[in-house]
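Participant: Input: one structure, supplied below.
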Amino acid sequence: MSVKIPRGTQDILPGQSEKWQYIESIAKEVCRRYHYKEIRTPIFEHTELFKRSVGDTTDIVQKEMYTFEDRGERSLTLRPEGTAAVVRSFVENKMFGIPDQPVKLFYTGPMFRYERPQSGRYRQFVQFGVEAIGSEDPAIDAEVIALVMDIYKSAGLKKLNLVINSLGDAESRNAHRAALIAHFEPRIGEFCADCQTRLAQNPLRILDCKKDRDHELMGTAPSILDYLNEESKTYFSKVTGYLDGLGISYTIDPKLVRGLDYYNHTAFEVMSEAEGFGAITTLCGGGRYNGLVQDLGGPDSPGIGFAFSIERFIAAMEAEGIKWPLDNGLDCYIVALGEEAKDRSVALVHQLRTAGLSADRDYQDRKMKAQLKASDRQNARFTAILGEDELAENRITVKDMAAGSQENVPLNELAQYVKTKMEAN
Ligand code: HAM
């Protein structure tokens, strides 16, 4: 029996991988404009890191991590998200000492969560994210949100809903926590076993429960917005004020709590509103995490960031029917007929490639007709035919597949000829 791909993972084959490259290139270009620099961290980290940042009582830590012991008996975990590692690296590399704060970083790479696979939910998925660490200016919250909306806009996505909420500071959260306990405690017996443990440990997580989401107490649960202290209210109105000023529309949803523990103040998600988009409509999630750097052993350095998966980004593009501006074509395919022509074509494709063109040839010793068909299948802009007659004159026949015309050019001028024609287009 052949070995199959693990559940919840996928091969990204040619034809699809270009879409990934396209989205990554847009995201990187927008990051360049906003002055965010790339950081690369390991794919696995000490398990402890995620317990302390994402949170011991979250679904991610309790149910979804790929944790293993290495040969040195250390507990390691395949990263389920990027923020924890970026903050660890910020502390470890003393980036808080860099004179210009916040430090503005972006990252991309595979993340791993042992979730039940379904459309838009994988066990290995690729996130693109940014983190701005070292400032508590609400303008940076607006910048981070503007950045992600700019990425979506640059790709042509329109049917989006930016949902935003404030989780407040520690004081506001404590007041809200007490109200949540008072609200759920009398009827906690009607909730799932997980929610019963959540009540004491982290009642905010009850609002995130997938099993009990239709329970009547969910709809009437106390809203965090009613428990924000003055400072938190002012902060939130500054953020929304900046978004208004930038013309970025949003919906405030007091029920948006996010599934990770490190958040406070601004929390946001971007949802797809495209018809036919799967059941999971969240494209992007992010928020502020003011205590995290300290929790991981650094100084008081407030941060904010977001991450989206490329998988859901692609699904949104397809649900909106956006045409992929991908250039899959080949610049020149060489059709060589006869032994000598084949030998000569080794150097010919090389010259084309050295000149910066994409070029290919036949490697299956096929007849002329089959080679011409291959050139066609590969969408070659030019087909260069080298037969005995051409060889005798040291020339080559070049067909312009778009114009339907052909010319006979000196062999040593082939690369220059194709290049000039391509540039003229
Ligand atoms: P998150 O909400 O857990 O946040 O994930 C962010 C995004 O990753 C989601 O909105 C979704 O696009 C994608 N995603 C999550 N799980 C899966 C999955 N199983 N399959 C496909 N895509 C998935 C975080 O990870 C935070 N670190 C975001 C952040 C950065 N907050 C501050 N900075």
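Placed from the backbone N, Cα and C atoms, the Cβ positions cover glycine too.
OK, TrEMBL features for this one:
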DOMAIN    23-325  domain 'Aminoacyl-transfer RNA synthetases class-II family profile'
BINDING   Glu81, Gly82, Thr83, Arg113, Gln127, Glu131, Arg258, Tyr262, Tyr263  L-histidine binding site
Participant: So which of the binding-site residues Thr83, Gln127, Tyr263 sit close to ligand 1, that is, with a CB under 6 Å from an atom of it?
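Facilitator: Cβ under 6 Å from ligand 1: Thr83, Gln127.
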Participant: List the same-chain residues at least 6 positions away in sequence whose Cβ sits under 8 Å from the Cβ of Glu81 (L-histidine binding site), in sequence order, or say none.
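Facilitator: Counting only residues 6 or more apart in sequence, the Cβ neighbours of Glu81 (L-histidine binding site) under 8 Å are Phe50, Val54, Ile60, Met111, Gln127, Leu260, Ala307.
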Participant: Just to confirm: which same-chain residues, 6+ apart in sequence, have a Cβ under 8 Å from the Cβ of Tyr263 (L-histidine binding site)?
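Facilitator: When sequence neighbours closer than 6 are ignored, Tyr263 (L-histidine binding site) has Leu167, Gly287, Arg288, Tyr289 within Cβ distance under 8 Å.
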Participant: Can you see whether DSSP assigns Gln127 (L-histidine binding site) to helix, strand or coil?
Facilitator: strand
Participant: Would you measure the largest Cα separation among Glu81, Gly82, Thr83, Arg113, Gln127, Glu131, Arg258, Tyr262, Tyr263 for the L-histidine site and round it to whole Å?
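Facilitator: Site span for L-histidine, by Cα atoms: 21 Å.
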Participant: Indicate the candidate from Thr83, Gln127 with the smallest number of other Cβ atoms within 10 Å of its Cβ, considering only these binding-site residues.
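Facilitator: It is Gln127 that, of the binding-site residues Thr83, Gln127, has the fewest other Cβ atoms within 10 Å.
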